[in-house]
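Per Swiss-Prot, these features apply:
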type	residues	note
BINDING	THR74, ASP95, ASN123, ALA124, SER140	S-adenosyl-L-methionine binding site
Amino acid sequence: MASEQENTADFGFRTVARDEKEVMVAEVFHSVAAKYDLMNDLMSFGIHRIWKRFTIECSGVRRNQRVLDLAGGTGDLTAKFSRMVGEGGEVILADINASMLKVGREKLRNKGIIDNISYVQANAEALPFPDDFFDCITISFGLRNVTDKNKALRSMYRVLKPGGRLLVLEFSKPIIKQLSTVYDAYSFHILPRIGEAVASDAGSYRYLAESIRMHPDQETLKGMMSDAGFDSVNYFNLTGGIVALHRGFKF
């Protein structure tokens, strides 16, 4: 008989049933999809582009490889990977949320980025791909929204080729006390107001702030990746630990 903890999950600071969380997270991203890119620029003052560029640099992706951009949303990383793998490679943009996938597809097609990209609606906990399929997997600002993170990490490990690498770019825990104080004030008081003003949705951005606080810290996530089977797991603190990039290999 499953324990109460096994049947529940965090939705921000609230504890909800696991299946309820998936529905609630879906509603958040259906709501924010149309304004997602604009809000990313406003919320991070454009710094998210630097974080993503660093992720690309750490990916080791080469021509003719196959890449999974998981929880790929509006396709920022997919666009870069598409050019890196070339005509002989493939990038799969996967997202559980149909609205985000639609925005990403339209954005990339409007930029003329078409030929080597596929779009798949997929749950990170049960990826619909064969074993040992991808040379590289990235999940950017998506893992904290997954209900069962350990299950998702195991699923990523399964579909990654031996010699491949996983990159997890995610909000984390500031390593400077003064920065943490300022960051909390910004996240809980200013961010929801920006969400209300720009996207008419303070609630979704309040969830964003809460979900960041509930996400595992740097060392905990490193341990989770190791437990899922990844080797040589390390991480890089970015912007004082506001964001961390975790990298693990499958040998």
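Backbone N, Cα and C atoms are what each Cβ position is placed from, and that goes for glycine too.
Structural mapping of features recorded in Swiss-Prot.
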residue	record	Cβ within 10 Å
THR74	S-adenosyl-L-methionine binding site	22
ASP95	S-adenosyl-L-methionine binding site	28
ASN123	S-adenosyl-L-methionine binding site	17
ALA124	S-adenosyl-L-methionine binding site	24
SER140	S-adenosyl-L-methionine binding site	22
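DSSP classifies SER140 (S-adenosyl-L-methionine binding site) as strand under the three-state reduction. Of all residue pairs in the S-adenosyl-L-methionine-binding list (THR74, ASP95, ASN123, ALA124, SER140), the one with the greatest Cα separation is 17 Å apart. Secondary structure at ASP95 (S-adenosyl-L-methionine binding site), as computed by DSSP, is strand.
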